[in-house]
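S.K.: First the structure, then my questions, so here it is.
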């Protein structure tokens, strides 16, 4: 199902009320990573070029429904002004008379930013009275916040009841690439799924299994699968309550003739600590007194091998304890291999995206998803409220 986009509307002289995802990391009031702001620029610049009056809105952090200047979008307005080369006026609120007055005085091509939507608890509650007030700021609702598309909030889904709703370029791109993976990925299709827990990734594994030719399972959750296969995992993370789930998953993979790659060797430590000394174990079995922390060289070679011929690759989640420097090599290497793959490559999920950005590889990836939880739920095959309201 395709979505309606900004290309389907005439914006000349219209007020475009644009939901962006400006939930950026801040340190002492300074933005430490402006990736999400840059991701919104194509949509903003297009709307401006079409003669729209652009009213931007977003949340930032978790102010819990109260005005808290620590979560003000002022730093975002400053950064937008720099990136766009024009003044982006910061408004003191997201609804109310002062906002209405400023918006009514806007000229075509002007850009303003509303204050943090989550200063009102009604935003997350999708309260109808709040939605109505918000809708008075625009003529057309543009949702470009894929990162919050899995939330049925006032500014992500509610507005579609009061204004014509379309997706921005970022939303369109996410829907196109993630949708292609779910609907008709080109074979061979390799899914690399990492992360610490089976419980948080089993829905993605099960959703992608029927479409995959090869599935690589890494990270902390791999040890539960290795335990099912009869290997010793030492003191590594084990989810006992997911043993049966992992077992039936591996059985189903065999029935579907999907090749599942689990770690063949490991980087281990005596304790799960950042300063632990890495030790290499050249076997699938992990010694009883050791904790699995990362994948080893043999596993990496195997992953590299399957990626050479892959036509479609999805990578979600780290292959080891990426946040500990000594145990981040597996994830870093996989980032390199995915970037070198000649097929369509899609990377989603916080740590895998961080790895790609850390090593400046994002330009070599077909699509780096901006949505953490939203990407995950999309890949699980769930209907996302923020996308559903945009469907043609």
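Cβ atoms are placed via backbone N, Cα and C, with glycine included.
Swiss-Prot lists 21, 22, 23, 36, 59, 60, 61, 62, 118, 151 with the feature substrate binding site, giving sequence analysis as the kind of evidence. Look at Swiss-Prot and you will find 201, 292, 323, 349, 350, 351, 352 tagged as ATP binding site.
Can you tell me where each of these features sits in the structure?
M.R.: Listed in sequence order, the residues of the same chain lying 6 or more apart from residue 59 (substrate binding site) and placing their CB within less than 8 Å of its CB are 22, 23, 116, 117, 118, 123, 148, 155.
Residue 323 (ATP binding site) falls outside any helix or strand according to DSSP and counts as coil.
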S.K.: Can you name the residues of this chain that are 6 or more positions from residue 61 (substrate binding site) yet have a C-beta less than 8 Å from its C-beta?
M.R.: 23, 26, 70, 71, 116, 118
S.K.: Taking 21, 22, 23, 36, 59, 60, 61, 62, 118, 151 as the record's substrate-binding set, what's the max Cα pairwise distance in Å, rounded to a whole number?
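M.R.: Maximum Cα-Cα distance: 18 Å.
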S.K.: Could you check what DSSP calls residue 59 (substrate binding site) once collapsed to helix, strand or coil?
M.R.: coil
S.K.: Which number gives the other C-beta atoms within 10 angstroms of the C-beta of residue 201 (ATP binding site), all protein chains shown included?
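M.R.: Taking every protein chain into account, the count is 22.
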S.K.: To the nearest Å, how far is the Cα of residue 349 (ATP binding site) from the Cα of residue 21 (substrate binding site)?
M.R.: 15
